[in-house]
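Engineer: The structure's right below; bear with me while I get my questions together.
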């Protein structure tokens, strides 16, 4: 099944319908009739609105009057934009736009457009229209739902090709690339960019030129570098998305060759060898063999056949064995007849199109750190404003020009909110992506790197992720049934041979090799030699996920047989005689981690061979088992051990048998082999909860057992029961079954009443079960996603690692997703590993922790140095001085920007820590304690140097005992860009800026040591050299003039100034070491 459906529609019923009805009646909103083509971008409701021309005019006036502040408010607040510019409509016909709301609560406004005088709107590459009958909006798609197949074919050309093209668009995945103008408009009007322009204006007003010019140049270069990377990424997606080819269609009984981009839903497509499909379609004639690696990640040839009964209702989900999907490659077609498929979905409505929509419109990352950082910055800004207000007591008597006081206040506020901070955050994440790509892991979403630094739960698929895709046959049981078992294993498969190579499911290849029979692929129909007979394959029923089995009809020349293989439980359920002995043997081998297939047959009469599959696959003779080994990958146990030692909660989410998955979990080290493993299942037919655990010592009631510290396993049926049914009562039935020689036991509990899922006791029990469950077995694709959602509802940060389309929804839902496939399906995942090794998970987590810690340090550094700069400027203001242009440029750009860039390039340490970086800015032991203590010691150093400097200056530059302010001419209309105090403050800042980088850098346990970041190390050494040269030799000639240091600033006390800043830095280092020991900026991963 290849359906991405991120939120099962049945769970939307949990919404309070009465509230919604009231809401709709007030707002004239309409519900949305959802479709699976929406993928994870599901709309909830649509409200027709009208753009008010009067309000647009008012917005223009307000924007001009407010220097475009009002326009920016409209740009940043989507809700304000919607509320101010649009009015609600009583009738849909007068609407100019649609206000839409997604199931996640996001709001958007889409323009109203028309096709054939009928309104529609475009949202995230899909078109929606109003359905008059249901009074709801729905995605525009080819009308094939709930229709008879023959009717679909007959009515396929109801619309003209021109109208079809307008409704459905071209058969292409058009990856949009913003123009450089639009990109620039968005980039240069970001919140921090606006703050940057504000700062530049202030600096120009203060007659500081060099610094603002360099800041603007740096901003422009950064924006267009990001645009270059954006365009490169989008062009790469375009190359992956577009399939350029000519195709043949059947029109009016004639074959017509057209460009593949011109295919439209309803076209009859001629299928040919080696063709790559660029649409989703259903086969109505012929049969083909395809490679769906672009969807599943597994290059296994899969047979597809024509829809068997064109008088039945078309159901895509149930008929996937007759449907072809975009990106699929046709390996071989049946040349004995014409192979025709009807086109169903094109462009972004196709399954592959949904994958690319997920890439184009990813879920927004967590903003907790940034929101808290913004609050902390505002606190700093408030403190700065208060301090500045207090110092006005000193400033006002000095008779400063009013504009100077205002500019200085605004300048200080700007320093408290570093406008370049987001640029360095992005550099941290981009550098991590570059390092990952060098290690064979491709990332397509930089924000997910930061998310990887907070992961506390890792979920893995089983087959192809924890284990290899290969199989090794161990034995067929029982031995006395060998002739019929050999016949089933030799015939019940759908293998092909192309260019002399046997292709197909690795399990079936191993099964055929195990039995040693010979297939004559050149014969039509296929013949197989074995047991001294020649078997002719009459019909093949491919594997059905709903039935968990496949079957074939064969004849040995005298009789017809149905041979079947599949899940032993499924085979046993449709057998004439229930084989408890085989189920016992199955359980014994499943517990050991083996893959076990049930083998069955049925003798047929010649008049039965054309019956429906449901009739044929009943009343079987369950005769034996095939035991196969699906070994773990070579590094699975090692990687899982590493992850567990780091404190992560590890879970398996698989579609495989529970007992096999449990044993796989034990072999991988996910489950402690010494622990009891409780296995929860649900019998829907008898409405029974089955509690089965794998230790023989005791049987406990369900609730009391859940309260213990045991690890659990549960099936998809039990999960469905929990989410759909409600409460259950732990009351034993009289019967109990014994499972095999393992001495495992079952206890049956009956559901005797149904309580809503909102029931408190059931909710708590459900939470407890999910938290303790290590193995989720027999899970459908949509259930995998649901499990991730439930785990996230506990506040967990989840990583999902899997391969294939059945994992795509779960990968998209998780905070971080990793795929092993390089196929298109892997682009659903933020990270894709070029190799199949599980060490890609460790690589992503290492980079994530390092990047998150670096982002925190960048934040701390910029806040610390700006606060220190604010204090230094306050002191220079007392002398009516300010920093010279070069000094401003050095402290803001020359010193800091390279240092921050090199800091962002810090790599991860070699081992995975059992901690995550502490990014909670308001925790009792938050990382801002580092900022505060550095600020305290830095400010203390500046204060001491200020008072020493003023004391020295009183003797040498003013008349004895004359107040210092009398040395400054009044009124003060302009600040001096040279002087003793500004020289001393500048020299002190030179030293503190380098020491802050060292003291704030926390390598253990997330990042490489400071000395291993060679660029950062060299830059700080250079900074220290410049400081000591300038401080020891204050009369440094040209260098002193360049940095605007006053030759008479120190008057012989330069060594005291050096001692003061060194002692302050050492005290800061000692304090930081103590804080890191007792209040570390890391949090242990705990649950």
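Including glycine, each Cβ sits where the backbone N, Cα and C put it.
Grabbed the feature section from TrEMBL, which reads as follows:
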- 245-357: domain 'P-type ATPase A' (DOMAIN)
- 54-74: transmembrane segment (TRANSMEM)
- 180-204: transmembrane segment (TRANSMEM)
- 210-230: transmembrane segment (TRANSMEM)
- 376-396: transmembrane segment (TRANSMEM)
- 984-1002: transmembrane segment (TRANSMEM)
- 1014-1033: transmembrane segment (TRANSMEM)
- 1053-1075: transmembrane segment (TRANSMEM)
Engineer: Take the transmembrane segment (54-74) and find every residue of the same chain, 6 or more past its ends, with a Cβ under 8 Å from one of its Cβ atoms.
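Structural biologist: Distant Cβ neighbours of the transmembrane segment (54-74) are 80-81, 84-87, 189, 194.
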Engineer: Go through the chain and flag residues at least 6 beyond the ends of the transmembrane segment (1014-1033) whose CB is under 8 A from any CB in it; none is fine as an answer.
Structural biologist: 895, 898-899, 902-903, 905-906, 987, 990-991, 993-994, 997-998, 1001, 1039-1040, 1043, 1045, 1054-1055, 1057-1058
Engineer: For the transmembrane segment (180-204), give me same-chain residues lying six or more residues beyond its boundaries with a C-beta closer than 8 angstroms to one of its C-beta atoms, as numbers and ranges.
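Structural biologist: For the transmembrane segment (180-204), the sequence-distant neighbours (Cβ-Cβ under 8 Å, at least 6 residues beyond its ends) are 72, 75-76, 211-212, 215-216, 219, 223, 226-227, 230, 407, 410-411, 414, 417, 419-422, 888.
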Engineer: Give me the stretch from 210-230, 376-396, 984-1002 with the greatest number of Cβ pairs under 8 Å to the transmembrane segment (1053-1075).
Structural biologist: 984-1002
Engineer: Please give the sequence-distant neighbours of the transmembrane segment (984-1002): residues at least 6 beyond its ends with Cβ less than 8 Å from one of its Cβ atoms.
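Structural biologist: Result: 853, 857, 860-861, 864-865, 868-869, 872-873, 875-876, 883, 887, 890-891, 895-896, 899, 903, 906, 930, 934, 938, 941-942, 945-946, 949, 1010, 1016, 1020, 1023-1024, 1026-1027, 1030-1031, 1043-1045, 1049-1050, 1057-1058, 1060-1062, 1064-1065, 1068-1069, 1072, 1076, 1081.
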Engineer: State the residues, same chain only, that lie 6 or more residues beyond the ends of the transmembrane segment (210-230) and have a CB under 8 A from a CB inside it; answer 'none' if no residue qualifies.
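Structural biologist: Tertiary neighbours of the transmembrane segment (210-230) are 177-178, 180, 183-184, 187-188, 193, 196, 199-200, 203-204, 420, 423, 426, 430, 885-886, 888-889, 892-893, 897.
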Engineer: What is the number of residues in the domain 'P-type ATPase A' (245-357) that are helix, strand and coil, as DSSP sees it?
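Structural biologist: When I sort the residues of the domain 'P-type ATPase A' (245-357) into the three classes, I find 20 helix, 46 strand, 47 coil.
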